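According to TrEMBL, the active site, proton acceptor annotation covers 723. The feature ATP binding site is assigned by TrEMBL to 604, 605, 606, 607, 608, 609, 610, 611, 612, 630. Annotation comment: TrEMBL describes 50-168, 85-95 as disulfide bond. TrEMBL lists 1-186 with the feature domain 'Eph LBD'. Taken from TrEMBL, the feature domain 'Fibronectin type-III' covers 305-416, 417-512. Annotation source TrEMBL lists domain 'Protein kinase' at 598-856. According to TrEMBL, the feature transmembrane segment maps to 524-547.
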Ligand code: AMP
């Protein structure tokens, strides 16, 4: 850009100071102000001189004072005409074709006289090559334009002067200007109009200032070059939060948009569940009910706290509990859900809840859990606990949500035997006796009923030992041999049975004074003594042999005694049918409930004897609870009454978290009722069918574990269920499974011919129980295997649509149910073990429980899933008749599958028909 002072000679009116030309200081006032017409016939004023005929011309013309205005280098553009000397007739050597340009710097704006020598020459100016001929007569004039630049840095202004040395010249215009780099905006910084430097090569460094609503990213700089061009932009600015760049300015983000940081590239749309209501938002506000955690970036959607964890199940193992749950149904749009356990409350009744002691252990931890499983140990035995699992995420605190994110389970820990006695001390040691004393076990887990001391001579190892029992923590042990090392063990017993024996503690009796043989003792005495010793030895040998025999016997006896003491706290089930008066049994085992405390709400099912309803029970002094109410329909026989109430008499004897709890009975008015705890999720088979495929394997195993635990309890009480099936397991809201339905146990006794009646749940019953009514805990184990299959297959009917006869036959021929879909191999193996033909080969419930506990502890073992080869290899044959396909596979006949299929035998029924057909053909076998 150029800033200029125009000294257009014609355009300058009189009295204008700047740029006015003067003849004032010259020695020869030869320059004349002449008006002429330019090429467009516009009158212009020129300064002319044309003294070509006279020698030694020195004619000066100068301007007024020109203020510098900050310029350091000014440009002088001169327009002029010049006559060619040759074109002038009669001129001699005095004619010139150039003129000189001078300048003089000064602070004085009105210097009237400036010496010639004060002027500094800028240049000698010649006309162009295309020299213009001026034909004044035709008024045709061609102009020369010459520009010269000059550095003016020392004073406030300057004067210009033109020196004619004998040319014929007309100055038409003089324009003086300087150059600037114009105001500009680069990288959101404003750079002002800047005057170029003094030298043609100099760069002026300029610092920019950030435009409105922007901040410096890096100091903005540019260089103003000598020709007025901006060069080398460096640094720049960024729009403030809430603003974005638009055409070199920062504009506010519009409604619905935001910009959080100046470094963000531009305004962004508000993330989901948030909004901005004003221009220039730096963050979007969350919609009502949605939140942002402190650590959430503004670009993140607003989120919600999680809903409560789901399906909390608990598996109690003595004094530890495995708690497992499914993640909340709603995670609130976040992935940082964790779980906390506020310390569980405990108490001997649900109304009394105290925080647990700090000795309760949570593994892997109590807060910030990322897993959905925790093992709580070191709980007190036989105590009610309430565990609350609280789902938490980054916005839980902000939302203030609390109870809505929690789920709780109340359970009772099992009875547990006391821990071993850790220290035994011996005092008052003599040759034949000593006194033992010991400390109470660290964890008695109940009231200690007695201690048992077992001891034996160290040499004898445990081949022969003695047992002593005491109520105190000390005992005097007598009848010991002198100078003998004895080994002692002590164990404690509570209602839950004996704990482990302590580690061995060894103590030695003192020595016998030995009779002296020597001088002064006569030989007869010596002989007597020797023979006496011999006899003694003989007697000792005999006693030893006898005692060895006795001790072997006593060991056997002891074994049986010990066996009896294994679970001395566990009661034995009493068959209510052994009571002559059934009412006596019911009142011994069940509490009579006043019917006014029962509030029936709705019918929930149909039982064998009448409707099953749900309702509430409020017993004085206790909180109201939900109950299930079974009633005996009107018009019942004596036998029906007896059978109906027998279930309550049986149930009333049980007290276990996995056995349905009897609250009481109503027998004093009609209808007769049995009141039990209410199980929100009803029977297990229907529950599983409703939630097909929705549980983790661990959850399924947790359910199975609960059932096994209940069954172990029943078997420990010598109770045989006889009708163990998923339909007879009830499920509560915490997925705790409880064994119920104690009605079938007597049916067979009443009807000796009933082995093949329809009342036998054939698909669930062990072959020996079907064949000759051998119902035992082992046959319950068989049924348990079927329940396992039902659970893993989410309530599928065992043996699908096969009829009972076929099922019985298949069992006889060794067919066993195949692994359900996605069934871990270990679980199917456990089922197969339960279905051993020889009942002695089946596992006990205790072993099943151990096995399931192991699986729960090592969930990795549940990962291996058997593949259903048959289905995947020949789908067209196997899919429609899967059961037959699996049948063949299980009895090792799958290689005949295609042959049989080709022959039209694609169903189990048709295959069984084939078996019948080939029976008479002796010597022919399929395999
Ligand atoms: P039952 O006569 O015991 O087989 O009961 C018939 C049906 O009533 C069962 O299949 C359950 O659906 C329901 N039922 C029985 N007892 C309970 C209970 N304690 N809680 C909830 N539902 C129950």
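Residue numbers in this text run from 1 along the chain shown.
Note that Cβ sites are derived from N, Cα and C of the backbone, with glycine treated the same way.
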Nonlocal neighbours by CB distance (under 8 Å) for residue 612 (ATP binding site), same chain, sequence gap 6 or more: 603, 604, 605, 606, 628, 629, 630, 631
Annotated ATP contacts 604, 605, 606, 607, 608, 609, 610, 611, 612, 630, maximal Cα-Cα distance (Å, integer): 14
Neighbouring C-beta atoms (10 Å sphere around the C-beta of residue 723 (active site, proton acceptor)): 23
Separation of alpha carbons, residue 95 (disulfide bond) and residue 50 (disulfide bond) (Å): 9
Among 50, 95, 604, 610, 612, the recorded positions whose C-beta sits under 6 Å from ligand 1: 604, 612
Number of other Cβ atoms within 10 Å of the Cβ of residue 50 (disulfide bond) across all protein chains: 19
Spatially closest candidate among 85, 95, 168, 608, 610, the listed recorded positions, to residue 723 (active site, proton acceptor) (Cα to Cα): 608
Beyond the site residues 604, 605, 606, 607, 608, 609, 610, 611, 612, 630: chain residues whose C-beta lies within 8 Å of the centroid, for ATP: 613, 631
Residue 168 (disulfide bond) and residue 610 (ATP binding site), Cα-Cα, nearest whole angstrom: 140
Residue among the recorded positions 168, 604, 606 whose Cβ has the most other Cβ atoms within 10 Å: 168
Among 85, 95, which are disulfide-bonded residues, the residue with the most C-beta atoms within 10 angstroms of its C-beta: 95
DSSP three-state assignment (helix, strand or coil) for residue 604 (ATP binding site): strand
Distant-in-sequence Cβ neighbours of residue 608 (ATP binding site), under 8 Å, six or more positions away: 743
Rounded distance in angstrom between the Cα atoms of residue 95 (disulfide bond) and residue 168 (disulfide bond): 8
Residue 610 (ATP binding site), number of other Cβ atoms within 10 Å: 18
Secondary structure content of the domain 'Fibronectin type-III' (305-416), with strand meaning DSSP E or B: 7 helix, 48 strand, 57 coil
